[in-house]
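Here is the structure we will look at, set down as structure tokens.
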Amino acid sequence: MKLIQKFPDTITIILVITVLFIGLTWVIPAGEFDRTITNNTEKIIAGSYKHVSSSPQGVKAFLEAPIKGFISASQIIAFVFLVGGAFSIINLTGAINAGLFNVIEFSQKRPKHKIFIVPFLIVLFSFAGATFGMSEEILIFILITVPMAKAMGYDAIVGAAIPIVGTGVGFGGAFSNPFTIGIAQGIAQIPIFSGMEYRIFVWFVLTTCACAVITHYAVKIEKNPQKSLLFGITDEKDINHEVPDFKLDGRRKIILYALFALIFILIYGVSNYDWYINEIAALFLALAIFVSIIYRMSMSKAIDAFVLGAKDMMTAALVIGLAKGLLIIAQEGKIIDTILNSIVAITQNTPTAVSAECIFFFQSFLNFFIPSGSGQASLTMPIIIPICDASEISRQMAVLTFQLGDGFTNLIIPTSGVTMGALSLAKIPYSKWFKWMLPRMLVFLIASMLLILPPLYLFNW
């Protein structure tokens, strides 16, 4: 059975919207804002909107949009390919999986410390989601964490929640995820991984919430197993898959140390030297070369792994290019500013906090149809950024509302292939997971809404 299904298809959605935008260029009056460039960042001048002569688009524009989009977004697309290839080399070594397996094995040997093991593992998975975007990889760990949770006196929901919710809050509170934060900030024309200090705080708060809600449930069902939502449904024999054997040998330890070193170097470079896409891509390439040497890969094997990783990024690259082409049609049809002006007119008398929260809920709703983080960033950020500029909401805040909206709904929506695949492996009915997850989702939504407020009122972000 195929565990990960792409429904609805993001590229199909973009193409449909592209056709819709072409139709709108024949209906919506053309207009433009004046723009100014400050510190290499283009911004709208509030109140400068004016009507201009119409420029309806047609078949020629539809066919030219993809290549124009790829040319316009070429730097971000190249970044995605290079980082994807670099991570493929790292993943080939099994170092990350070996590190996590080592922690899980440690926890299984020390059942007396199990009250601390669940939150500790959640923190690890959350860190993986926040830094390098762990996603599909959790399917492997479901085969470990579910039996482990049962052996500790918990149920399959606890075992599945550790990697699913852990990586989910990591995505929501990401501070150096190149596939969400990197793409969104690149489109927003702000330094990649900038604003990291507050994002780390957001990650800490959200991860703490995840630890609290999962541990609370685990303790409750340990005391009374009948309170488990799966009581009488599953048992230990349900999960009998063969688990890959990852040993944390010396070379894998060195690779893990190098990965942590890269994260700290990246933080230092972005904070002190304004590193952007070029420097960050070069840093990941350097790590890939170092890893291939340490792991004694042949050049052909390393190149094959790199190409495979870049190939895995093809859909993301297509989405980025096509989404940019969509916006180019709206720009050349001179309707994008008319749409923005209408939205600004609605929100101009609305408190800034209300506008920011509305953007957050818009991103959360859209995630049902576009569960891909990179796809959602590519499609929505070019539209959200000008709205935020006109509403006096910073671009860092625009990225924050995107990442929070993208991160949590994936934990519960049936269109998330990773979540549905993980539940299938864990033998958890979706209805039971939905019932368990819904009140916890409300905790994350409330926490997200509160975390949006400080940058609006307490400091200039």
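From the backbone N, Cα and C atoms, a Cβ is placed for every residue, glycine too.
Cross-referencing 7-28, 139-160 with TrEMBL places the feature transmembrane segment at 7-28. Among residues of the same chain six or more beyond the transmembrane segment (254-270), those with a C-beta under 8 A of the stretch's C-beta atoms are 90, 93, 95-96, 99, 131-132, 176, 191-194, 196, 279-280, 283-284, 287, 290-291, 294-295. Ranked by the number of CB pairs under 8 Å to the transmembrane segment (115-132), the listed stretches 7-28, 76-103, 164-188, 276-295, 441-459 are led by 164-188. Counting C-beta pairs under 8 angstroms (sequence separation of 6 or more), the transmembrane segment (76-103) fails to reach the transmembrane segment (7-28), with fewer than 3 such pairs.
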